[in-house]
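Here is what Swiss-Prot records for this protein:
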type	residues	note
SITE	14	site 'Transition state stabilizer'
SITE	21	site 'Transition state stabilizer'
SITE	151	site 'Positions MEP for the nucleophilic attack'
SITE	207	site 'Positions MEP for the nucleophilic attack'
């Protein structure tokens, strides 16, 4: 069993919507509801902890009334950074050995990816899902190409990311003591010298970040319904 942690206190400035992007609609249903539905079907998911902006609590609670989720959902105070929100959420876990940390704006994660991440976390203590980078990657400095990066070993990392509670807590405490801000939770685990297992993600598992992503998400949902 695991607890799902969703850091949901971000402002989503790149979306330019003037509100939390998780409230935006895909096929007339909020993004966050699509995401929660992906996990409520998973028997291994014990409960869900969402780290939110307290000012948005009424909106989240209203969503839960309108779109009930078949898992216990707890709202806690988010932090200034995503990393702070996850750390706060870890403090509220109980009676589980593992947590999965997932972006609320990734509504198309499959049960297979979820299970693969959990299995790898049980094996290694920490795990991520990722897909091969398809585009050519270049290092650029001051508007000029410095080098073309060999992409054969490069992966685009997604969520969920899975961890044993004790390991993730250790990694976050170490980062906090050193004022280190990572780009994801796995980077904190890497920083303390621990292994992170990697499983195959999905190109459908997009993060809805920009207006263009919303259009793509609508198309994905249309394909799924077919």
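Any Cβ shown, glycine's included, is placed from N, Cα and C.
Same-chain residues at least 6 positions away in sequence with a Cβ under 8 Å from that of residue 151 (site 'Positions MEP for the nucleophilic attack') are, in sequence order, 132, 133, 135, 136, 137. Residue 21 (site 'Transition state stabilizer') and residue 207 (site 'Positions MEP for the nucleophilic attack') have their C-alpha atoms 11 Å apart, to the nearest angstrom.
The recorded sites examined here are 21, 207; by Cβ neighbour count within 10 Å, the least packed of them is 207. Look at residue 21 (site 'Transition state stabilizer'): DSSP puts it in a helix.
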